[in-house]
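Below: one structure in structure tokens.
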Amino acid sequence: MEYRKIKDEDNDGGTVSNDIENLRGIGFSGVASVSNVPPREQAKWKRKTVVTVALTFLTSSQAILIVWSKRAGKYEYSVTTANFLVETLKCALSLAALARIWKSEGVTEDNRLSTTLDEVIVYPIPALLYLVKNLLQYYIFAYVDAPGYQILKNLNIISTGVLYRIILKKKLSDIQWAAFILLCAGCTTAQLNSRSDHVLQTSLPGWIMAIVMALLSGFAGVYTEAIIKKRPSRNINVQNFWLYIFGMTFSAIAILIQDFDAVMNKGFFHGYSIITTLMILNHALSGIAVSMVMKYADNIVKVYSTSVAMLLTAVVSVLLFGFNLTLAFFLGATVVSVSVYLHSAGKLQR
């Protein structure tokens, strides 16, 4: 994708050699002058930074809101209705963004909602995968505690890297593979405590759910990125709209299968609270941020953003719950920082 883009720019009269020389100059000098960076590239990096920081912030508060939404150790609301509202809100946000674009730029071939069957038929697969993964995210807390969950969910880092290579056919350098391993080790170390011998003592259902979530998360994320980047000029909000439409459809089916009687007897919003509402809003905005990262960066950035968010969760826990920062946390944070640097360095050597 990037090769084709560079090649097109070269055919249009752009000089790739000049860009390479500029990059070399930046690398040797160690300081990049903002004035030497094209405005288009500045806007691109600014957009990447904004969506990545937003995703990191939203993900760091996600687990906290899920735990807070429980009462007496269980969910009084229907998790399927909550997931349906998340998909509905994401769809509404995408439509609102499109309406704003239509008003300022008009309706074009790339931002119109009308599409073909060949374009739409690919969206049910990631929509279904995300549904299963999102529902498992609620139920896994019945089998693992918070530290165990934080450790087990790092399995998606490896699954994402492997599937990134298989599905997108993008080769990862040896340094990047080493960075993945370091990231897992760093995130795991950061979550260990004085009773670390018991942290991984999770029942078999918990292990199975964690592995399934890792595979679903990795496959759905990489598959969605492949869909989004297959047509780069297509407006991201249109692509989101169709993905969320199928997400709403599958969520509605899940309600009928799992919670139909409860919804009919107690009501759709039974057990909802302010925390539940904030959790739904958080999930919706996180989904939008993930799609933006996939459109303007890549799924690997999403994985690193999510992993850093785990460390931020620990920092927030210091302020909210009196969490004690340990040597393991600082060592883990250091290893994560090194892995991020190695991943960036690995890109240059591919």
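A Cβ is built for glycine as well, from the same backbone N, Cα and C atoms used for every other residue.
Fair warning: this is a prediction, and the values are worked out from it, not measured in the lab.
The following feature annotations were taken from TrEMBL:
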TRANSMEM  50-69  transmembrane segment
TRANSMEM  81-99  transmembrane segment
TRANSMEM  120-141  transmembrane segment
TRANSMEM  147-168  transmembrane segment
TRANSMEM  175-192  transmembrane segment
TRANSMEM  204-228  transmembrane segment
TRANSMEM  240-257  transmembrane segment
TRANSMEM  269-291  transmembrane segment
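Show me how these features fit into the structure around them.
Tertiary neighbourhood of the transmembrane segment (81-99): same-chain residues 111, 113, 131, 134-135, 235, 237-238, 240-241, 244-245, 247-248, 251-252, 254-255, 259, 263, 268-269, 276, 279-281, 283-285, 287-288, selected by CB-CB distance under 8 Å and a gap of 6+ residues from either end.
With a threshold of 8 Å between CB atoms, the same-chain residues lying at least 6 positions outside the transmembrane segment (120-141) that come near it are 66-67, 70, 75, 79-80, 83, 86, 149, 206, 209-210, 212-213, 216-217, 219-220, 223-224, 227, 242-247, 249-251, 254, 283.
Proximity of distant same-chain residues to the transmembrane segment (204-228), defined by a Cβ-Cβ separation under 8 Å and at least 6 residues beyond the stretch ends, is recorded for 122-123, 125-126, 129-130, 132-133, 136-137, 139-140, 143-144, 148-149, 152-153, 155-156, 158-160, 162-164, 167-168, 234, 236, 239, 243, 290-291, 294-295, 298-299, 302-303.
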